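Chemist: Pulled from Swiss-Prot, these are the listed features:
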type	residues	note
DOMAIN	28-100	domain 'KRAB'
ZN_FING	134-156	zinc finger
ZN_FING	162-184	zinc finger
ZN_FING	190-212	zinc finger
ZN_FING	218-240	zinc finger
ZN_FING	302-324	zinc finger
ZN_FING	386-408	zinc finger
ZN_FING	414-436	zinc finger
ZN_FING	442-464	zinc finger
ZN_FING	470-492	zinc finger
ZN_FING	554-576	zinc finger
ZN_FING	610-632	zinc finger
ZN_FING	638-660	zinc finger
Amino acid sequence: MFPVLEPHQVGLIRSYNSKTMTCFQELVTFRDVAIDFSRQEWEYLDPNQRDLYRDVMLENYRNLVSLGGHSISKPVVVDLLERGKEPWMILREETQFTDLDLQCEIISYIEVPTYETDISSTQLQSIYKREKLYECKKCQKKFSSGYQLILHHRFHVIERPYECKECGKNFRSGYQLTLHQRFHTGEKPYECTECGKNFRSGYQLTVHQRFHTGEKTYECRQCGKAFIYASHIVQHERIHTGGKPYECQECGRAFSQGGHLRIHQRVHTGEKPYKCKECGKTFSRRSNLVEHGQFHTDEKPYICEKCGKAFRRGHQLTVHQRVHTGKKPYECKECGKGYTTASYFLLHQRIHKGGKPYECKECKKTFTLYRNLTRHQNIHTGEKLFECKQCGKTYTTGSKLFQHQKTHTGEKPYECKECGKAFSLYGYLKQHQKIHTGMKHFECKECKKTFTLYRNLTRHQNIHTGKKLFECQECGKAYSTGSNLIQHRKTHTGEKPYKCKECGKTFSLHGYLNQHQKIHTGMKPYECKVCRKTFTFYRNLTLHQSIHTDEKPFECKECGKTFRRSSHLTAHQSIHADKKPYECKECGKAFKMYGYLTQHQKIHTGGKPYECKECGKAFSRASNLVQHERIHTGEKPYVCKQCGKTFRYGSALKAHQRIHRSIKV
C-alpha cells in the first residue's frame, strides 16, 4: 500500500554543479518517499491502515537516518507521528506543487563554492544545513532544505477563500468551514451506536469508539498504564521523569503539558468560560463542567464488575478498581508512600516541598490545589449549590453531597480487615487504617507532636500561631478552621437534623451521631498499651495517654497554664476574655462555652440518657457515667508519682497532691 525505502536506494539523484544548480538537486529525501493525507482522506482509513501508515513512515525515516547520520533533520510528519498526532495537516492539502518552475519561483539560491560531483551525501547535506541555501523571497528568511522553505512558504501563498459568516474566520476548504460551522449551530451528525452520543465529525466519533472497544496500544514501561494515543503516553511519562517544560510567567510554576499551563493561567486571570445551564455555576475547565453536570442528571454509566458500584466517569472507575487490585503505581521517592492516582501523588509531593501557591484573598489561607481554594471560598460566600433530594440539605461541593447521600442509604462498602469497622468512602477507610499501623508521618516543628493526616497537622499549627481566621457574624467568635465555624453556626440556629434511634437524642452533625451511637453498642476498640484501658474513640485514647506521659503541650499565653487538650485551653482562655455569649433561653443564665450551656439545659429538661448497666443509675453526661462505673469495676487510673497511691478521678489526685506540696512547705 505504501512504498518502503530500502537503504541501498539512498544516494544522489542528480549531480551537483554550483554554476548550473537546478531546483531540488539534493539527496533522496524523506519527501521523495512520503505519502501525505488530508484530514478528510485520513478519516476514511480504518485503524489498521492508520497503524500501517505510521509503521511505514517511521521505518522510512529510520532507514534515512541510519545512512545519513544525525545530520538529517526530522520531518514534521515524523515528529507528529511520534507524538501520536494525526498527519492531515502535512503538505499535500496545503501546497501540492507539481510544476518545477512554480517551485523555483519561490526559491532564491545563495551562491556557494564549487564541490566535486562525487562529494559524499553526508558532507553535502551538512553543507546545505550550514550554508542555509534556501531563501524566501517574501520575507528573506533562510532555510537549510527546499522542503522546509516550501513548508514555510505556505503561510504566504495559501488561499483561504471560505469565510464563516458568524465569526469571520477563513478556511482553506469547504469541508473545514462545514466542520467549524457546527460549533455555532451545535450540529452533531455522527452518532455512536454503542451509547448514542453525537459528534461533530467522523474523526471525533472514531476516537470516541476506542473507549468502548478498550483499544489502548501505547503502554507505559514504568507503571504499565495504557493509552489510546501516543501523545497521551508522552504526557503521562513526564509524571515519572518529572519533565515540566511549560512555565507560568506569573508565578513560575511549571507544567508537563501546555494545556495544563493554559488552564492554570486562568487562576491569575479569573477566567471561567464554561457555564452550567442548570444552576449558572462557572468553571475554568470544560471537564469540570461535564463532571458537575452529572450531579444534576445523576447519570452513572460506568459500573464496577467486582462490587457493582457505579461512576460518572470512566477514569473514576479505573481508579476505583485499584481498591480491589491493591495497585499503587505512583510511589514517592522521598518517603516510599504509594498512590493509586497521579493527582494524589503530585499533591503529596507538595507536602515535602511545602508548596501552597493558591491564596484566599479574604483570609490569606493558602492551598496546595486550586480546587481546594475554590471550595474554601464558599465558606466566605455561603454559596451552596448542591441540594439533597431526600432532605433538601444543601452543600458547597458535589463530593460533600455524595457523602451525605450515604447517610440516607446507610451504604458502607469499605470494611477494615483489622477491626471490621465499615466506611462509606474508601478515603475514610485509608485514614482509619493508620490508627492500626500507628504511622504518623507529619510532625509539628513547634512541639514535635506527630499526626497521621497532613490536614490535622495544619489545624494543629493554628494553636501555636493563634490564627483564627473564621469569624461568626452572629456573636463574633473566631475559629481556626472553616468546618469549626460551620459547626458553631448551628448553635445559633439550633438545627439538629440527626436523631439517634436508640434514645431519641438529636445532633447537629452526622459525625456526632455516629460517635454517640457507639455508647449504645458498647464497642471500645481502642486500648491503652500502658494500663489496658479501652476507649470508644481514638481521640479519647490519645487524650488518656497524656495522663501517663504528663504531657501538656497547650499553653495559655496570658497566665502560662498548660493543658492536655486544645479544647481545654480554649475553654480556659474564655476566663481571661470574661465573655459569656451563650445564654439559656429558660432562665437567662449565660455561659462562656456552648458545652457548658448544653450541660446546664439538662437541668431544665431532666434528660439523663446515659444509664449504668450495673445499678441502673442514669446520668446526663457520658463522662459522668464513665466515672461512676469505676465504683463497680474498682478501677483507679490516676496514680500519685510521690507515694504511688491511686485514685478514681483526676480531681481526687490533684487534691491529694496538695498534701505533698504542703508537707514540703
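Just so it is clear, glycine is given a Cβ too, placed from its N, Cα and C backbone atoms.
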Chemist: If I count Cβ-Cβ pairs under 8 A between the zinc finger (302-324) and each of 162-184, 414-436, 470-492, which range comes out on top?
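Modeler: Most contacts with the zinc finger (302-324): 414-436.
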Chemist: Please give the sequence-distant neighbours of the zinc finger (414-436): residues at least 6 beyond its ends with Cβ less than 8 Å from one of its Cβ atoms.
Modeler: 320, 323, 403, 406, 452-453, 525-526, 538
Chemist: The zinc finger (554-576): which same-chain residues, six or more beyond its ends, come within Cβ distance under 8 Å?
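Modeler: Result: 460, 463, 466, 543, 546-547, 592-593, 595.
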Chemist: Across the zinc finger (302-324), what does the pLDDT come to on average, as a whole number?
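Modeler: Here the mean pLDDT over the zinc finger (302-324) amounts to 81.
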Chemist: Using DSSP, tally how many residues of the zinc finger (218-240) sit in helix, strand and coil.
Modeler: 11 helix, 4 strand, 8 coil
